[in-house]
Amino acid sequence: MILLKDILYKVTIESVVGNTSVAIHNLEFDSRNVSLNDVFVAIKGTLSDGHQFIKKAADQGALAIICETLPENIVNGITYVQVADSHSALAIMAANYYGNPSEELKLIGITGTNGKTTVSSLLYQLFKKAGLETGLLSTVKIMVGDTEFKATHTTPDSLTINKYLREMVDAGVEYCFMEVSSHGIHQKRTEALHFVGGVFTNLSHDHLDYHKDFAEYRDVKKYFFDGLPKTAFALVNVDDKNGVVMLQNTKAKKQTYALKTYADYKAQVLESQFTGQLLKINNQEVWVKLIGGFNAYNLLAIYGTAQLLGLKELETLQLMSTLESVGGRFQYLISEKKITAIVDYAHTPDALKNVLETINSIRTGNEEVITVVGCGGDRDAQKRPVMGNIAASLSTKVVFTSDNPRTENPEKIIEQIETGVPAEHYKKTISITNRKEAIKAACQMAQENDIILIAGKGHETYQEINGERFDFDDFKIVNQLLTTLNK
Ligand SMILES: CC(=O)N[C@H]1[C@@H](OP(=O)(O)OP(=O)(O)OC[C@H]2O[C@@H](n3ccc(=O)[nH]c3=O)[C@H](O)[C@@H]2O)O[C@H](CO)[C@@H](O)[C@@H]1O[C@H](C)C(=O)N[C@@H](C)C(=O)N[C@H](CCC(=O)O)C(=O)O
Ligand SMILES: Nc1ncnc2c1ncn2[C@@H]1O[C@H](COP(=O)(O)OP(=O)(O)OP(=O)(O)O)[C@@H](O)[C@H]1O
Ligand SMILES: N[C@H](CCC[C@H](N)C(=O)O)C(=O)O
Ligand SMILES: [Mg+2]
């Protein structure tokens, strides 16, 4: 039996109307899920205000309402708890409801614009290979030991996080690696969690639709490090100028990694090929199967994290050499006619630039680099022309197309991308709204040894158009097309 007052432990309460010693059923923040004896937390969201649904929750049997503003009509028999911040209250209550599972395992949060999925998934792989019970909360999937669950967000809501952490603890999981997105931090989804470590990958342009400006976006990330306890470590990339910003006010043990500047963990790229790269980490050489300078950073972050968590140096390096790339991140195939097709989740300007630079650095001759790319709808529109510029400048041919248009007109999104193309590159680009047709056009253009990059959707197996998700898998489609076209 769970009492309301028990799950309110540590919540900043402003006032209470009613009795908090009542036994409750579930904790919910969406009125549509409320049933008899549940607690409903009213949250001010981005589209609507949960306070509008207090009456609906009460009608559906809610026993208690947690809110920032008390409703005018107080219903007898229902307990109303007024709190300073509903997001924060939900996070604390969710942790209490599930018995604070984050305190019973070693939770490591990975944040930054790019590389979160790569670093957290590879750490999951590495710790599993080391024989340790491990969990993962990522954009691609959630893993409770060996059991896989579907992910809906990069960082799920606090109830979902704590639910999975509880399952992990009950299944004997000792380490959990989780992605911490800026939306997640801002909406306090990670607020009441106990982290033993935080990792910062990098910061570049993204989500400037949601955050007021770049400074706010950076400060949201910093807030995560500010909240780490003294016992945790904060491992940051100091080749990124915002790395030191993350460390400014943290109580955690400050640790750094870099390829270019002085740092606690240092690496050098000795050799780079299409099949992998040779890295020198702390004077030890290690061959890894993931390519690109950006992956050298990801692998160094992984190395540092493993060391800080107590893994042996040689074992870590040996296991690093066995790591396989994460689905949809530089996932490639080479067709019968020797056309290379690469599917990559590059959906930010920095990621697209890195991936194209990596491709250009491993080109051996005069092959064409044909990029198929679009930008998601209902997301940061400022990045569209920037990505148009990068695609056109670093490829020999470009097919602009749709990503997930969501509720926007895909043609309008493409027009915005096109405005970033420098005049001297106009001739290289065409636009085809239908993504499958765009990939087909790239396949038709490609000749022996050419490279096709299909960017933006990576592992996604759908395309979202006007609220509907249609089956769509870049990798499957390009594979099929190259075979059918006999290329
Ligand atoms: C913009 C955004 O982040 N929205 C997230 C947010 O929703 P919200 O609070 O804005 O919801 P809202 O629709 O305004 O509703 C406000 C409140 O009223 C409630 N409500 C609403 C309707 C109703 O009938 N009854 C009711 O009680 C809602 O449950 C909610 O509590 O909180 C919800 C619960 O946690 C999230 O599911 C939702 O994610 C939406 C679907 C989303 O697309 N989020 C993306 C942008 C996101 O979070 N992305 C990041 C990754 C970004 C990255 O790449 O770094 C992620 O972590 O996944
Ligand atoms: N360390 C890095 N620096 C820059 N770009 C990177 C880095 N790691 C990966 N990338 C690029 O960014 C893309 C997305 O990588 P990944 O999925 O690991 O990032 P993420 O931070 O999890 O993204 P999301 O915010 O969508 O969860 C990759 O496909 C690759 O193109
Ligand atoms: N986590 C990112 C994913 C973007 C993926 C891209 N394919 C798009 O739909 O914009 C977001 O929600 O902004
Ligand atoms: Mg991710």
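Heads up, the Cβ atoms here are built off N, Cα and C, so glycines get one too.
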Exercise. Which one of 187-190, 347-350, 403-406 shows up in TrEMBL as motif 'Meso-diaminopimelate recognition motif'?
Worked result: 403-406
For this session: Between the Cα atoms of Thr117 (ATP binding site) and Asp403 (meso-2,6-diaminopimelate binding site), find the distance and write it as a whole number of Å.
Result: 19
Exercise. Where among the binding-site residues Asp403, Glu460 do you find the Cβ with the fewest other Cβ atoms within 10 Å?
Worked result: Glu460
Problem set entry | recorded positions whose CB lies under 6 angstroms from ligand 4, from Gly112, Thr118, Lys221, Asn404, Pro405, Arg406 | none
Problem set entry | meso-2,6-diaminopimelate site, defined by Arg379, Asp403, Asn404, Pro405, Arg406, Gly456, Glu460: further same-chain residues with Cβ within 8 Å of the Cβ centre | His347, Gly374, Cys375, Gly376, Gly377, Ser402, Lys457, Gln463, Glu464
Exercise. How big is the gap, in Å, between the Cα of Lys116 (ATP binding site) and that of Pro405 (meso-2,6-diaminopimelate binding site), rounded to a whole number?
Worked result: 24
For this session: Please list, in sequence order, those binding-site residues from Asn114, Lys116, Thr117, Thr118, Asp403, Gly456 with the Cβ less than 6 Å from ligand 2.
Result: Asn114, Lys116, Thr117, Thr118
